[in-house]
Amino acid sequence: MATETTSSCTGSNLLQPISEIINLPLDQVNFVVCQLFALLTAFWFRLYLHPSKTSPFIRHVVASLLGFYLALFCFGWYALHFLVQSGLTYSIMIFAGLEHMHKLCFIVALGYLSFCQITRVYVFDYGMYSADFTGPMMVITQKITSLAFEIHDGETCVCVCVCVCVRMPSLLEYLSYNCNFMGILAGPSCSYNDYIAFIEGTAYQPRHLEVNGKENGKYKYTEPSPKKDIISKLCTCAISLAIFLSMSKVCPVERSIDDQFVASTPFVLQVVYLYIAMLATRPKYYFIWTLSDAINNAAGFGFNGYNRDGTPRWDLISNLRILDIEFATSFKMFLDNWNIQTALWLKRVCYERCPINPTAATFLLSAMWHGVYPGYYLTFLTGIGMTMAARALRHNVRPYFLGSTTHKSIYDVITWAGTQIAICYTVVPFVLLAVGPSLKFYRSWYCCLHISCLLLVCSLPVKPRVKEEQQNSLQGGLTRGHNSHSITDNNCNQKLKAT
């Protein structure tokens, strides 16, 4: 396996012997080793380049250079695309007018990303399982467009989101934000203000409020330690990796479209198998995103205030909540806790700004951002119907089960099972990638959930969501959400709060 995929690795061949020994593709070995190197470097960065010991300039330079080195090691000269994309959009920010700057940055960043994805898949064809240099570009695209909208909103006082940027970053700050070593390989995306607060050491300055509204000055001068959270996240990484390596080959999703399997297996068991296969697929993402979160925490980035019991929270840029995913009782609850930072980006740049059918527009943007494989579009088009059907079902059925605890428990069990089946059904094309296998799977299920969604949307009334109500709900959530685990919208304005 390792030798077969060596040719698809565009990065360094230094670790080729290790790749052959453990029988894993070289690009995956490079990625994991670089992330472990970034983790160790992050501890050094926090301890020896602490804001109290060195200037923001030095921290920016070191973070950027280390990020470029890791990118070159993993992707070779393809890492230059990161600089080209950043350079083009920075030029737009400098020279374009404020009125259209954010739109131009959005078009150029997403367009350049799409161009690279198209050439990689349909021109060079390096294979679907190789480490993809467009993966980091996806995160950089989020950062570029988020910053452009933050600058635009900060200058024009558009009160769509509290994440606003009050000044134009220097080129060094911009490159450090986009290409720092903590997030260059796997993200996650973050607010520019939060990143600058971390670099300048102002992330811990704001005094936090207790439940009664009084200032809690107990922790004012104490910099919280991320040690416990890092250990917990690394344990999660180890468990996730073990589950993925042991189960992914035993329960491949591709078996769901095997003719013999479909013909000889009762439909109920096919459903159970698909759930187990998807359950075995998710730990790969748990490992990647949790390790990335731990790296940022080790560097001192990710502090998000305190819980009610006074313990520090290090989930500012966390990308998932595993228990909320696995026990989600609604389609929305699953999506809100999966790839959180991407969901926030989609919400801020598309959903809150799109005047017509924001749900469909958001899903389509998500498909474009993910790549050019047809399976992505099948997944997100199906997701539109699933979201609308789930909204209609919840609006019309849930009130009947709130009368007693027993009825509510029954409702939760049923909706959990329904949510897991719906998610598995929706994301099969995302895993299979190609049109033929994806349609073959849906035909084997007689497109039953597509038909069910259509019937539910057509037959059940849903109260229309007025734009003004959405804004009021957003503002209410922001004022309540500083210490609430259930609020998806993390704090994204630490630097402004510190000043």
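Cβ coordinates come from backbone N, Cα and C, glycine included.
Pulled from TrEMBL:
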- 29-49: transmembrane segment (TRANSMEM)
- 61-80: transmembrane segment (TRANSMEM)
- 100-123: transmembrane segment (TRANSMEM)
- 230-248: transmembrane segment (TRANSMEM)
- 260-279: transmembrane segment (TRANSMEM)
- 375-393: transmembrane segment (TRANSMEM)
- 413-435: transmembrane segment (TRANSMEM)
- 471-499: region 'Disordered' (REGION)
- 484-499: compositional bias 'Polar residues' (COMPBIAS)
Check: the transmembrane segment (260-279): which same-chain residues, six or more beyond its ends, come within Cβ distance under 8 Å?
Finding: 247, 251-253, 326, 420-421, 423-425, 427-428, 431, 444-445
Checklist line | Cβ contacts under 8 Å made by the transmembrane segment (100-123) with residues that lie 6+ beyond its boundaries | finding: 81, 84-85, 88-89, 92-93, 132-134, 137-138, 140-141, 144-145, 148-149, 151-152, 349, 368-369, 371-373
Margin query: Which residues of the chain, 6 or more past the ends of the transmembrane segment (375-393), have a CB below 8 A from one of its CBs?
Written below: 330-332, 335, 359-360, 363-364, 366-367, 419, 422, 425-435, 438-439, 449-450, 452-454, 456-457, 460-462
